[in-house]
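> Take a look at the following structure, please.
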Amino acid sequence: MFTRNMTIADYDPVLWQAIQDENRRQEEHIELIASENYASPRVMEAQGSQFTNKYAEGYPGKRYYGGCEYADIVEQLAIDRAKELFGADYVNVQPHSGSQANAAVYGALINAGDTILGMDLAHGGHLTHGAKVSFSGKIYNSVLYGITADGLIDYEDVRQKALECKPKLIVAGFSAYSQVVDWAKMREIADEVGAYLFVDMAHVAGLIAAGLYPNPLPHAHVVTTTTHKTLGGPRGGLILSSCGDEEIYKKLQSSVFPANQGGPLVHIIAAKAVCFKEALEPQYKEYQANVIKNAKAMVEVFKQRGYDVVSNGTENHLFLVSFIKQGLTGKAADAALGKANITVNKNAVPNDPQKPFVTSGIRVGTPSVTRRGFNENDVRELAGWMCDVLDALGKENEEQVIAETKEKVLAICKRLPVYPK
């Protein structure tokens, strides 16, 4: 039997301690991983709702279980809000993740063994864009395009590869690209070879929702995104389209359910509905504008301190810092910054001489720090502290600099908490 006053703290103190420790870690560390963000208490409330108990196989108005009348309301709310937010004609809110959303798109549009053309993981793409270790590179014949030495997509290279391999589907989108993708150009290439254009906008969905980054929906046959990252919602996936082809919409529906998934996570869909409502608020655009401003401000500090920034800047929420010139590794930088309570991730950079698990760079993103209230002056100061740590790597004063930086980090985290009381 359950009672509403039951707590994890009373029942499972080991798990409770891990939860408390993670809460403290998030409050006392500066989060700069570009794919992470802080969900609002409202989003987390929805995730912890009684909808976690409900099975709802099927779609609103056409379920395989009874008792879904309120699940229907929740899912339709999420669908309608996502349509309004992105200007989409078709939306599926059921994918459990971005990767599962992508798998559903492949399953709807192409067959096993068909050729896909996507961005190389080592050049800023994603595992599901054709990497050989992913289902997308195992089930399909994947051909990869990359970026130039300047860190920009080489559209002529994309076109030439498309003409050579005649893909059934071209994937546009990224996990580590700091410039604006020309969606219209990618569609032009896709049309030239008779391919579908599939855009994974997971990293920039929040910026697109705010009107600060080009919307791919007018150009792509299908678009996917995660609902966390810049959007700032729960961990989950989303499929959208405005291509006007009802047959594609039907294929997408059946590719999600029953082909790839069974019952949807209604509590997560409820949290998505909250996230979309938050993204429709006027202040959301201001938040996303500050995300970009903060990224640009940090870039300038790194450049002033002698560090190379891939593509020489950023037009979104992230940027890559290359340490090839300094002879440092991303792995060492990641570890040293982590000791100072600054969380980043090591990342491959153009012409990287290091192995993928070592790398010669880091990826830095500003959605999380911006959400906790960091302004341009704060992030300039933060970037300076990061450069102090990087400058000291391998030197006698390394540990001292890390310790001093950690104290500064703790002070600013106390001033700007993630979840103020």
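One-based numbering along the chain as shown.
Here the Cβ of each residue, glycine as well, is placed from N, Cα and C on the backbone.
Pulled from Swiss-Prot, these are the listed features:
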type	residues	note
BINDING	Leu121, Gly125, His126, Leu127	(6S)-5,6,7,8-tetrahydrofolate binding site
MOD_RES	Lys229	N6-(pyridoxal phosphate)lysine
SITE	His228	site 'Plays an important role in substrate specificity'
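Let's see these features in context: how buried, what's close, how far.
For His126 ((6S)-5,6,7,8-tetrahydrofolate binding site), the count of additional Cβ atoms within 10 Å of its Cβ stands at 24 [all protein chains shown].
Using a 10 Å radius centred on the Cβ of Lys229 (N6-(pyridoxal phosphate)lysine) and all shown protein chains, the other Cβ atoms total 26.
His228 (site 'Plays an important role in substrate specificity') carries neither a helix nor a strand DSSP state and counts as coil. For His228 (site 'Plays an important role in substrate specificity'), other Cβ atoms within 10 Å of its Cβ number 25.
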> Which state, by DSSP, holds Leu121 ((6S)-5,6,7,8-tetrahydrofolate binding site): helix, strand or coil?
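Assignment for Leu121 ((6S)-5,6,7,8-tetrahydrofolate binding site) reads helix.
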> Any idea which of the binding-site residues Leu121, Leu127 has the thinnest Cβ neighbourhood at 10 Å?
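If we count Cβ atoms within 10 Å for the binding-site residues Leu121, Leu127, the smallest count is at Leu127.
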> Which chain-mates of Gly125 ((6S)-5,6,7,8-tetrahydrofolate binding site) that are at least 6 residues away have a CB under 8 A from its CB, listed by sequence?
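Sequence-distant Cβ neighbours: Gly118, Met119, Ala131, Leu144, Val171, Gly173, Phe174, Ser175.
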> Between the Cα atoms of Leu127 ((6S)-5,6,7,8-tetrahydrofolate binding site) and Lys229 (N6-(pyridoxal phosphate)lysine), what distance do you get, rounded to the nearest Å?
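On Cα coordinates alone, these residues lie 16 Å apart.
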> Would you kindly give the Cα-Cα distance separating His126 ((6S)-5,6,7,8-tetrahydrofolate binding site) and His228 (site 'Plays an important role in substrate specificity'), rounded to the nearest Å?
16
